[in-house]
Amino acid sequence: IFEYDLKKIIALSTLSQLGMMMFSISLGLFELAFFHLLTHALFKALLFLCAGILIHGAGNTQDIRSFGGLSLNFPLVTVCMNLANLSLCGVPFLAGFYSKDLIVELVCQYSWGIFILLMMFICLMLTVLYSVRLTYLSFVGLYGGGTFISVCESDHSLTGPVVTLSLISLISGPILGWLSFSAPVLIFLPVFLKWAALF
C-alpha cells in the first residue's frame with residue numbers, strides 16, 4: 001500500500017493473488033485455485049506490459065510519484081491498464097470476476113467461520129485499495145514533473161500485444177469457466193453476503 005515503485009506494486013499484487021490461490025487450496029477448492037491462476041496470468045501479463053510501456057515512455061522512471069496525468073499522454077495504455085486493474089479487483093464480467101468471485105462465494109457458502117470470512121474480505125478490500133491508489137497516482141493525479149515520450153503509443157509492436165491481451169482479458173473468464181467446469185456451480189447465499197464482495 002505504501003510502495004511507490006510501479007513494478008514492485010504489480011509484483012506485490014501478484015503475491016496477494018497467490019495468497020488468494022493458497023487460501024482456496026487450503027479450503028480444498030483446488031480447481032478454483034487453478035482457474036484463478038489462469039485468469040490471473042492473463043490480466044497480470046497485461047498489467048506488466050502496460051507498466052513497461054509507461055516506464056519506457058516516462059524516461060525509464062518507475063516512481064509513480066513522477067507520473068501523474070498519464071492518461072493525457074497514454075490514452076490507450078490507460079484504458080488497457082485500468083481494464084487489467086479492474087479485473088484484478090474482481091469487477092463483474094471481467095476475467096478476474098469469474099474466478100475470484102467464485103472463490104469468495106463458495107467460502108461464504110461453506111461457512112468456514114467468521115474469522116476466515118473477515119480476513120478474506122480485508123484482503124479483498126486491500127486489493128481494491130492499492131489498485132485505486134496506483135490508478136490515481138499514475139493517471140489522474142497531478143503531473144509529477146517527469147518527461148514523457150508519447151511516441152510509445154504509435155509503436156504497434158508495443159501496443160499490439162497490449163490490445164490483444166486486453167481483448168483476451170475481457171472474454172477469457174467465461175470461456176475458461178465453461179472449459180474448466182463440466183457443470184454449473186449453484187451457490188445459495190443471503191443477500192448481504194452476495195453483495196459483500198462487490199461492496
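From the backbone N, Cα and C atoms, a Cβ is placed for every residue, glycine too.
Note: TrEMBL annotation is automatic and uncurated.
Keep in mind the model is a prediction, meaning the values are calculated, not measured.
TrEMBL annotations:
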DOMAIN    2-121  domain 'NADH:quinone oxidoreductase/Mrp antiporter transmembrane'
TRANSMEM  9-27  transmembrane segment
TRANSMEM  33-55  transmembrane segment
TRANSMEM  76-98  transmembrane segment
TRANSMEM  110-129  transmembrane segment
DOMAIN    130-199  domain 'NADH dehydrogenase subunit 5 C-terminal'
TRANSMEM  134-151  transmembrane segment
TRANSMEM  171-193  transmembrane segment
- With the greatest number of Cβ pairs under 8 Å to the transmembrane segment (33-55), the stretch among 9-27, 76-98, 110-129, 171-193 is 76-98
- Message: Looking only at the recorded stretches 9-27, 76-98, 171-193, which one has the largest tally of CB-CB distances under 8 Å to the transmembrane segment (110-129)?
- Response: 9-27
- Using DSSP, what's the helix, strand and coil tally for the domain 'NADH dehydrogenase subunit 5 C-terminal' (130-199)? 47 helix, 0 strand, 23 coil
- Per-residue pLDDT averaged over the domain 'NADH dehydrogenase subunit 5 C-terminal' (130-199) comes to what? 79
- Query: According to DSSP, how is the domain 'NADH:quinone oxidoreductase/Mrp antiporter transmembrane' (2-121) divided among helix, strand and coil residues?
  - Reply: 95 helix, 2 strand, 23 coil
